[in-house]
Amino acid sequence: QSATSLKISHQFPGGTISEGDFRDRLSRMFAAEVEKRSKGTLKFEVYPGSSLMKTNAQFSSMRKGALDLSLVPLSYAGGEVPEVNIGLMPGLVTSYEQGYSWKNAEVGKELNRILLDKGIVVVSWIWQAGGVASRGKPIVEPEDAKGLKIRGGSREMDLILKAAGAAVVSLPSNEIYAAMQTGAMDAALTSSTSLISFRLEEVSKALTSGRGAAYWFMFEPLMMSKAVFDRLSKEQQAAIMAVGGELETFARKSAQTDDSLVAAVYQKAGAKVVDLSPATVKKWQAIARATAWKDYGERNENCAKLLMLAQKTL
Amino acid sequence: MSHGFELKPPPGPALPDQPALAAVAKLLNLLNSALLKLSMAALVLTALVLTYSVVSRYFFQAPTDWQDEASVFMLVGVTFFCTAYVQSYRGHIGIEALAALLPRRVNLFRLFLVDLLSCLFCAFFSWKSWTLFHEAWRDGQTTSSTFAPPLWIPYAMMATGMTILTLQILLQTLAHMTNQPRQGEAP
Amino acid sequence: MSELTLGALYGAVTLVVMFSGMPIAFALGVVATGFMYFCMPASSLDTITQNVYEEMASITLLSIPLFILKGAAIGKSPAGKDLYSAIHTWLHKVPGGLGIANVFACALFAAMAGSSPATCSAIGSAGIPEMRKRGYSPGFAAGIIAAGGTLGILLPPSITMILYAVAAEQSLGRLFLAGIGPGILLVLLFAGYAVQRARKEYSLALKIYEQGGAKSAYLEDEHFTLAQKVEMLPRVLPFLVLLIGVMVALYGGFATPSETAGLGALLALVLIAVVYRVWRPMDLAPILSSTIKESTMLLLIIGMSLFYSYVMSYLHISQSAANWVVGMHLSKWLLLAVILLMVIVFGFFLPPVSIILMTAPIILPPLKAAGFDLIWFGIVMTVVMEMGLIHPPVGLNIFVIKNIAPDIPLKDVVWGVFPFLVLMFVAVLLLCVFPGIATGLPNLIMGVK
Ligand code: NA
Ligand code: NA
């Protein structure tokens with residue numbers, strides 16, 4: 001029997017199995033380990049840096065069975081499946097413990113059910129904290145955001161920033177650097193790993209780090225097309241799910257390493273690095289509850305249910 | 001990159017010889033010119049929208065978050081709405097290096113084949129665009145931004161534009177088959 | 001079938017379909033769909049349209065029509081001719097001054113338009129007849145305009161650079177700035193050559209006249225009074241307002257690059273309305289329709305070539321080709337030479353936009369791995385593609401010249417542009433030896449990357 005070849009697509013910078021962006025490394029480790037355990041009946045090709053298709057096309061292509069696997073922030077598909085916006089709901093997850101507890105909690109089971117229904121299998125649960133890079137003073141308390149031009153990067157974060165009195169800026173991610181440099185934008189929120197790869201420390205004076213407490217947690221799982229998954233043998237399916245689960249430890253450790261690393265990088269570049277206190281996180285959470293959570297919960301019944309279940313893990 | 005810049009405004013695409021086809025061609029030309037006018041307005045409007053977003057952010061401290069997507073939608077519309085118009089003048093450039101080398105009859109056959117294949121491709125693309133439109137409409141898909149405009153709008157423009165383009169090429173192919181041979185001229 | 005064989009087949013089929021004369025956009029779509037049908041899962045066919053849409057729905061890409069509009073507003077109104085006359089009034093006393101004036105006019109217009117053929121036609125339609133009227137040989141006149149026009153994609157804004165920035169994931173602002181130094185270098189090289197060649201043609205004309213031959217127009221003296229010269233100055237003002245306005249908006253942090261495109265287009269329309277009274281729908285229609293024609297054709301090619309490269313990537317062709325090149329273990333500079341040679345070969349047949357879209361995914365990873373600065377390479381590649389615009393068989397600027405001055409034999413045009421090809425090659429060498437020509441300015445303004 002000839003080997004089945006599967007494609008893993010992601011938008012992050014490409015590297016090797018031992019070096020580079022941990023999300024790319026995870027994809028490569030996954031490929032190598034599954035290939036081994038499936039005794040070579042499954043082979044993989046990793047496509048980093050959106051070299052196969054545009055980021056936004058990945059989710060839909062997986063649903064149709066035209067793409068096999070992808071590691072992508074789940075909320076990017078929010079326009080197609082509104083429920084998935086829960087994957088980037090500020091304040092709803094405030095620690096790695098809590099995020100990873102979803103998998104076996106009711107909220108995780110419900111999210112899994114909804115995604116399966118849409119033709120998607122979650123292979124590996126990956127959470128990542130993020131922070132704020134700013135070209136002026138650090139944005140710690142909600143009041144600090146007032147009057148500044150900030151890129152929230154998602155619908156939910158934008159709603160919160162607006163409520164905090166910030167001017168929300170929308171622009172493509174490849175223009176963030178230039179916009180921060182010229183001052184077209186004052187601050188940007190994104191994951192710790194992306195804060196490093198965008199090299200924003202060169203144009204920033206301050207960083208609000210996501211190490212320790214954070215209100216910005218993003219769910220970016222390794223996902224697989226259900227249509228493709230169903231065609232595989234029981235053994236192959238088992239190998240995929242087992243390796244996916246085992247890599248979660250690596251993902252969590254790497255994400256936390258990057259949370260510290262980004263702080264070190266900014267410190268070295270001469271930027272002021274500030275950590276969040278649990279009390280500050282509570283303040284952001286209060287705004288989120290009144291804006292983004294409410295907006296999400298009112299989308300449909302599934303959303304309301306997911307939100308309710310997620311709050312149980314708080 | 002086109003040569004369109006330096007060309008004098010064309011007198012209008014040549015009508016097919018066959019009367020029924022000529023009538024359809026006239027209708028299609030009317031439709032194309034209406035869509036062109038609409039697109040001209042959309043182009044100026046896009047420039048206005050992007051300028052407004054700068055002005056509003058700097059002078060009124062009221063940033064807009066919809067300007068990029070509104071512009072994308074309008075420019076996608078402009079592109080697809082006018083693609084049949086461009087085709088009516090054979091404005092989609094190709095490499096015509098062979099035209100000078102081949103005998104006239106072979107050339108005619110080559111042009112027919114090119115049109116037929118182009119037509120089939122555009123028909124296929126139109127069909128898949130309409131399916132995409134249908135999915136977006138049925139599931140209420142939007143973009144994933146804060147502004148979150150519905151995706152059926154650009155998909156519908158893409159599907160409409162490609163459908164008209166298919167008709168345009170089909171008409172050109174049929175005209176090609178029915179036109180009287182002209183002296184020393186490739187149809 | 002191995003990936004490289006499949007790649008060769010993909011390339012061969014593409015060449016056949018393209019040379020059949022099928023419009024490039026459809027040719028790319030047909031080839032990609034065909035290979036998708038035979039080599040990819042059936043469900044892929046359902047994703048074609050969404051892929052094309054996602055590729056196109058980028059505000060960076062869609063700023064292209066706005067940059068074209070800005071150029072067309074100037075080039076299709078009397079503004080282009082005025083710019084040219086004003087520079088000429090001031091430079092006509094300098095030996096070869098008319099040639100220099102044309103190079104400068106091309107450069108200034110290039111700084112406003114995003115494409116090379118647009119620059120070529122805007123300046124050439126006034127410039128070529130004027131130069132010939134004053135005795136310049138037809139080939140020389142054609143050469144200056146064809147070469148000067150290529151600056152359109154090197155001096156910002158530039159459509160090809162927009163595409164490159166998207167493909168290479170580099171900052172557009174930085175790339176635009178990097179084009180300015182090499183742009184000035186080429187202007188100086190072109191101008192220097194124009195002086196030398198004009199002198200040669202002048203002395204030849206003088207010799208013929210002294211030996212009793214015909215009196216060339218070179219020998220006629222032309223005079224402008226100071227008043228006439230001063231009177232011409234305000235005509236350059238709208239260009240400066242436009243240039244400076246857009247620069248300040250972009251680098252002063254007022255606007256994002258895509259907003260700058262909209263702002264620039266609107267500013268150009270306002271300027272021609274105020275200065276040249278071009279504002280009625282009837283006056284604007286030719287400007288808008290030519291913009292739409294050019295950008296529709298372009299964007300359809302872009303959309304389809306992104307789809308084409310998706311299929312290529314899915315079939316692992318690009319990656320295998322890149323691996324193959326990397327696997328040859330060429331030294332850093334040999335790798336660059338091989339890649340530039342490939343760009344030149346593509347330049348025989350394809351416009352710069354298509355070259356970028358089709359080669360970027362293949363050539364950028366190995367270049368990055370070899371340690372080249374991708375901003376610098378973007379500039380070098382742009383200069384090499386400028387050469388493609390003026391060399392046969394497919395050279396868009398040559399077609400433009402044939403359109404403006406149909407009576408100049410193609411042979412004369414080709415020989416006329418040849419010296420400029422050599423100068424561009426010299427510029428590429430200089431860029432390799434002194435990369436700072438390109439990277440200096442962006443590093444100065446935006447900080448060292
Ligand atoms: Na330019
Ligand atoms: Na060429």
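Any Cβ shown, glycine's included, is placed from N, Cα and C.
Marked as domain 'TRAP C4-dicarboxylate transport system permease DctM subunit' by TrEMBL: C:14-437. According to TrEMBL, the transmembrane segment annotation covers C:12-40, C:94-114, C:135-155, C:175-195, C:236-254, C:260-278, C:298-317, C:333-362, C:374-394, C:414-441.
Residues 70, 74, 79, 83, 86-87, 108, 111-112, 173, 260, 263-264, 267-268, 271-272, 275, 445 of the same chain sit 6 or more residues outside the transmembrane segment (C:236-254) yet have a Cβ under 8 Å from a Cβ within it. For the domain 'TRAP C4-dicarboxylate transport system permease DctM subunit' (C:14-437), the model's pLDDT averages out at 85. Counting Cβ pairs closer than 8 Å and at least 6 residues apart in sequence, the transmembrane segment (C:414-441) and the transmembrane segment (C:135-155) reach three or more and so form a contact. Listed as Cβ neighbours of the transmembrane segment (C:260-278) (distance under 8 Å, sequence separation of 6 or more from its ends, same chain) are residues 63, 66-67, 69-70, 73-74, 77-79, 112, 157, 238, 241-242, 245-246, 249-250, 284, 287.
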